[in-house]
Amino acid sequence: MRVTAPRTLLLLLSAALALTETWAGSHSMRYFDTAVSRPGRGEPRFITVGYVDDTQFVRFDSDAASPRMEPRAPWIEQEGPEYWDRETQTSKAQAQTDRENLRIALRYYNQSEAGSHTIQWMYGCDMGPDGRLLRGYSQSAYDGKDYIALNEDLSSWTAADTAAQITQRKWEAAREAEQLRAYLEGTCVEWLRRYLENGRETLQRADTPKTHVTHHPISDHEATLRCWALGFYPAEITLTWQRDGEDQTQDTELVETRPAGDGTFQKWAAVVVPSGEEERYTCHVQHEGLPKPLTLRWEPSSQSTIPIVGIVAGLAVLAVVVIGAVVTAVICRRKSSGGKGGSYSQAASSDSAQGSDVSLTA
C-alpha cells in the first residue's frame with residue numbers, strides 16, 4: 001500500500017479521479033496490525049494485513065523466510081518494485097515500533113516479561129460515493145482489551161484505562177491526531193481511489209445473494225425457520241424476520257457474515273416459530289446486488305437441505321483468515337495495536353498507503 005509515484009503526480013491523479021469517477025455506495029480501506037510477544041522464542045511476531053472493502057489485498061509476516069509485503073489480490077500485482085519496497089520498509093518499521101510498544105506496555109501495566117502479550121491496531125478510512133472521506137478511524141487494543149481510539153472528530157482521543165491516559169496525554173501534547181487526520185483525509189483516500197480503479201472488476205462488483213428458507217422441527221409444537229443468503233458480495237447484507245409485518249429482531253438468531261472461500265460471503269438468520277404458524281413469518285433480504293429487497297417465506301413443497309458443506313467450508317476459511325493473519329477478535333470492538341504511550345514517528349515517506357508517517361512509536 002505504498003505509493004510508487006511521486007506525491008505530486010499522485011495528487012493530480014487522485015484529483016482527476018475525484019472529478020470524473022463516482023462509486024456505488026461507500027468503500028473502505030483498512031489495515032490490521034498485530035504484534036505478539038513470545039518470551040524465550042525470539043522477537044515478537046508482527047503481521048499486518050490490508051483490506052479494500054471485504055477483499056484482502058496485501059499481507060506482511062515478520063516470521064516469513066524473507067519478510068516482505070506480499071500481494072493477496074491479482075489487481076495489486078500490477079504495482080511496481082518501488083511500491084513493494086516502500087510497503088515492506090513501512091511494515092518493518094511498524095514491527096519495530098510495536099515491539100517497543102510491547103515493552104512499554106509491560107511497564108504501564110506492571111507486568112512480567114515472562115508472559116505473552118498482544119498489541120493490535122486497526123486504522124483506515126471510509127470513502128463516500130463522491131470519492132471523499134466519509135469517516136476515519138484508528139483504534140488500538142492491548143491483550144484483547146480496548147486501549148485508545150481516535151474519536152469520530154479525528155482530533156481527540158478516548159482512553160480506556162489509566163495506562164492509556166498516559167498515552168493520550170503524550171499524543172495530545174505532540175498533536176498526533178493532526179498527523180493521523182492528515183493521513184486519513186489525504187493519503188488513505190487517495191490510495192483507496194486508486195485501488196478501486198485498478199481493481200474495478202473485482203472491488204466494484206455486486207454478486208446477488210442466492211436465498212432460500214429452510215424448516216427444522218424442534219418438537220411437535222415448535223420449529224426453526226432459517227433464512228439463507230449465499231454467494232453474495234460485498235459482505236454487507238441485512239437479513240430480518242417479520243411476523244405479520246412486525247420485526248422479530250429480539251427473537252432472531254443471526255450469525256456473523258462468513259467468507260465462502262471463493263470471494264463471496266454467506267449468512268443466515270433464524271427464528272423459532274409455533275408449528276402451524278410458519279406462513280405468518282417472512283424473511284426480508286437487502287443487499288447491493290438486489291434491485292429491490294427480497295421477501296421470502298417457507299414453502300413446504302420446496303423444503304431445502306441445509307448446505308452444510310458450504311457453511312463448513314466458510315467456517316474453515318474464516319478460521320484460516322483469523323489464525324493466519326493473527327487478527328483475532330480485535331474487529332469486534334475495532335481494537336487495534338497502537339503503541340502504549342507511543343508517539344507517531346516521522347518515517348521515510350508519507351506516500352505509503354499504510355501511512356508511514358503515522359507509525360506508532362514509543
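Each residue's number is its place along the chain shown, starting with 1.
Cβ atoms here come from the backbone N, Cα and C positions, even for glycine.
In the disulfide annotation of Swiss-Prot, Cys188 is paired with Cys125 out of the candidates Cys125, Cys283. In terms of DSSP helix, strand and coil, the region 'Alpha-3' (207-298) has 6 helix, 55 strand, 31 coil. Residue counts for the region 'Alpha-1' (25-114) under DSSP (helix as H, G, I; strand as E, B; rest coil) come to 33 helix, 27 strand, 30 coil.
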